[in-house]
Amino acid sequence: MPSATTPNRPSTPLSNSGIQTLPTGHSIIPSSVRPDGSTRKEIKVRPGYRPPEDQEKYRNRIVEARSNIGTGGIPGAEPANTTAKGAEEKNKNAKRREAARKKAAAAAAAATDENESPDAGLGDITHGLQKTQLHVSETEKLKQDWRDPSKLTTNETTSIEADETAEREKKVRNLKKKLRQARELKEKKEGGGQLLPEQLTKVTKIQELIRDLDKLGYDADGEPKAAIDGSRGRNGVEHG
């Protein structure tokens, strides 16, 4: 924007906000010409007033130092502007190291080719295929023979029997627990206590629980029948 300075006043640089300071110390906004040709009048600025554009921004020294990290280089390192001679020596050393690495790799590859026979890789592949086929055949055999106990080995049969025994004992413990709870509820009812509908249902299943225990070889008290019969036999021999 063109500006028109006041006559008989020396021109001084304008600030960021467009304010001009006169030699007398006063500050003004100089007159200027509008696009249509008209002239803006000169404006006096109140003494001491500094617009935000002319105020210095606060700078934190710590933040500024952190932002400059890495621009000064590494302490003790060689400067970036090394001589051409030093760069040439480094390139030569790098080339020597690269050539030595290639030579060592070629020697190792040659030694490996000499030690391994052409049929070594084929033999490994054949051996791996044989092991895979053996594993597959064993798996298929187990799938076919698990229904026929006569075709299972001793260890497999023992494992199946152990699983059946554990399942049977788990079922017995569950029945004994239900029977004990049902008898306790029955005693509560006989003593005049009030039972909920689901508790009355448990009481009515006492005989059913006793029959289930009997099928598994246990008496009404949850004791194995074989142990009871053996005890009775021993007592009969002693009395005889």
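Any Cβ shown, glycine's included, is placed from N, Cα and C.
These numbers come from a predicted model, not from an experiment.
Under the heading region 'Disordered', TrEMBL lists 1-125, 138-170, 214-240. Here TrEMBL flags 1-24, 151-160 as compositional bias 'Polar residues'. What TrEMBL lists as domain 'WIBG Mago-binding' is 25-51. Taken from TrEMBL, the feature compositional bias 'Basic and acidic residues' applies to 37-64, 138-150. Under the heading compositional bias 'Basic residues', TrEMBL lists 93-104.
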Report summary line: Across the compositional bias 'Basic and acidic residues' (37-64), DSSP labelling yields 7 helix, 5 strand, 16 coil
Requested in this report: Determine the mean pLDDT over the domain 'WIBG Mago-binding' (25-51), rounding to the nearest whole number.
Outcome: 88
Report summary line: Its residues classified by DSSP, the compositional bias 'Basic residues' (93-104) shows 12 helix, 0 strand, 0 coil
